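Per TrEMBL, the features are as follows:
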COMPBIAS  434-453  compositional bias 'Acidic residues'
COMPBIAS  454-471  compositional bias 'Basic and acidic residues'
DOMAIN    1-107  domain 'PH'
DOMAIN    118-153  domain 'EF-hand'
DOMAIN    154-189  domain 'EF-hand'
DOMAIN    482-598  domain 'PI-PLC Y-box'
DOMAIN    598-727  domain 'C2'
REGION    432-471  region 'Disordered'
Amino acid sequence: MQQGTLMRKVKSKSWKKQRYFKLQEDCMTIWYQSKRTGKTESAFSISDVETVREGHQSEILQSVAEEFPPERCFTIVFYGRRGNLDLVAGSAEEAQCWVQGLRQLIEPRSFPLTFALVSCTWIRDWFQKADKNKDGRMNFKEVQRLLKMMNVDMNEDHALRLFQDADKSESGTLEGEEFVLFYKALTQREEVLSLFQQFSEDGKKLTLLELVDFLREEQLEDEGTEELAMELIDKYEPSETARARHVLSADGFLMYLCSVEGSIFNPQHRVLWQDMSQPLCHYFISSSHNTYLIEDQIRGHSSIEGYIRALKRGCRCLEVDCWDGPNGEPMVYHGHTFTSKIPFREVVSTLGKYAFKVRHPSPGAGARGWSLVGVDTWHAEGSWSCWPPAMQGAREQGSWRHWVAQGASLSPTPQELKHKILLKGKKIGRLEDTLDGPGDEAADVSDDENGAEAEERRRAKVRETQHGSALQKDKETLAQALSDCVIYCKNVPFQGFQEARSHSRPSEVSSLSEAKARKLIRDEGNEFVRHNTWQLTRIYPSGMRTDSSNYSPQEMWNVGCQIVALNFQTAGMEMDLCDGLFSQNGCCGYVLKPPFMRDEETLFNPSDPSSREGPGPITLTIQVISGQQLPKVANRKEGAIIDPLVRVEIYGVPADQAHQETKYIENNGFNPRWDETLQFQLHVPELALIRFVVEDYDKTSRNDFVGQFTLAFANIKPGYRHIHLLSKDGTRIPPSSLFVHIRITE
């Protein structure tokens, strides 16, 4: 890759500034500076980059498509909610140099980062930050500055002792391997070493049998333990000699505990592990609200980036609001507001590219290809023909009839719907009318059955009349061809559970506001659960949430609502819960509901945990042991060191909602030790989500957020585990983590 390349940074059709971009020698940092002033504007780490898109694959670059050819354009996409960087190179060759170079640098992250690799990168980054005079050496004054930067408030005498022990050359400075020695002494994990020595007879190594004992007694691994022990030694022991002897050193033991296998999240649940052959209504489905918006609901920016980001997070239900645009072309925006508009054509083109991709498909996961539900609110009177052929093919000839002919229900499974896009919207008539096309032979039915069908049609006609003139207008303006594309998700108004049970069909879906849903949960909890065993329900945010804030999805999941739509652009506890629930099952966006929420005769009511069939409450015991290399809080004054505490929050049925927290540790974000035990009783663990939050304690104002990690109780691995923290945006903060001990008892 060229270093110091002059390119155009494009922010809009009228804002195109020339900047010099350069990859630093560490191959981890890119900075850019103004051509006019020579002043460095910004820098970013390669670890911040999610992907690189070639050509006009952003709205901004599409707006300058006539000025700059696609082969000179590319977009750098960052993790989280950070805006993209749109660039135009001086030539196609320069563009390719940067695109291919960046892809090679970020490619290793498609595999799990090892603890050793993360530590190596971390050491190099800190060395370069603290080496003020850039001479490749670090004196004691620079080391003291480094400790402050790393969130460490260390006694000066102790720091000097570590410095002198590492200064093998006695030069008064640290360089290369000397700094690595200093770093290792600084990061010595006494709590891990103590645990290691409990199972090691000589205190220096774990034999194969000693490691097996640890895995069985503490990690509760009960199947193939000896084979697992051999795999862990081969994978994490850094010494070839030790590997050959089938023993694990203290370094290898730490690397295992910091690995995927040592994580609190059960690695077997990262991949597709649930039954995908149940009816669609038996799953929670990752869903977004007004997906096109990336800001607020009134004046916010509409962008195809909203769809791309949601899809890459595993979202399977998107919202598309279509209105008339110029020259009869449909536009997507939030109607009757001042939000910007994007052509419907661009939206469906984007869906065609990203509908069946996920950000981090796990090895062996079936995340690619799971069906997408499009919530299509169609207000436009213009042509709908800009649907691409692949999406018009949602009603592929014969496929729907085949299912019905085989006696399948009108509620197909995710497995059957793989690689298909469903439209949720208004529809003329019933699904059966769509399936019975011209020339189809009607099945033989008895006179009684014909009478029952006639009676049902009469009732349907009466109900339609009751809907009033608004429904009649929809019939007059809705194109038949568009109506025919709505197959299994026909919009119907909700008129009560009894009415739905008597007259609705599994192929229909009702949308409820969060307020309406809460009232039903409060007044008719069990009926709501039963309703959701056979029909889809969509919940959407209150219209008062103009700032794109979110409601808690947990109370909606507690009654089995499948399509709980959230504003994906807004970080916070609500999106942490969403990400936590759907981070399992290969990130496919579908999570199977527990058995008692799939039984149409269930007695379960979330307000009465005893109504759940199954074993009694369980006790979750969490010992919060320590933290490692916690990030500093943004916008804090230079030199400030955090006072971290850990809060564990339980989300589930009302009886399980709880939180407890540790004391705070003063002036230590680098390696704080809490050694505190928190205990919770869970009455309905199948619905519980556990959120670990680290905050910077402040006695005069609200605590500052440091990091969090959320997962479903069903995905917890007991034993000694590391929790790898995420930022507000849901991105990894390597190598920040918590070390805990988990026990689950009945």
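The backbone N, Cα and C atoms fix where each Cβ goes, glycine too.
What TrEMBL says about a protein is an automatic prediction, not a curated fact.
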Quiz item: Hey, which bits of the same chain come close to the domain 'EF-hand' (154-189), Cβ under 8 Å, at least six residues off its ends?
Solution: 119, 123, 126-127, 136-140, 143-144, 147, 254, 626, 628-629, 670-671
Quiz prompt | Secondary structure content, the domain 'C2' (598-727) (per DSSP, counts of residues) | solution = 12 helix, 62 strand, 56 coil
Quiz item: For the domain 'PH' (1-107), what is the mean per-residue pLDDT, to the nearest integer?
Solution: 83
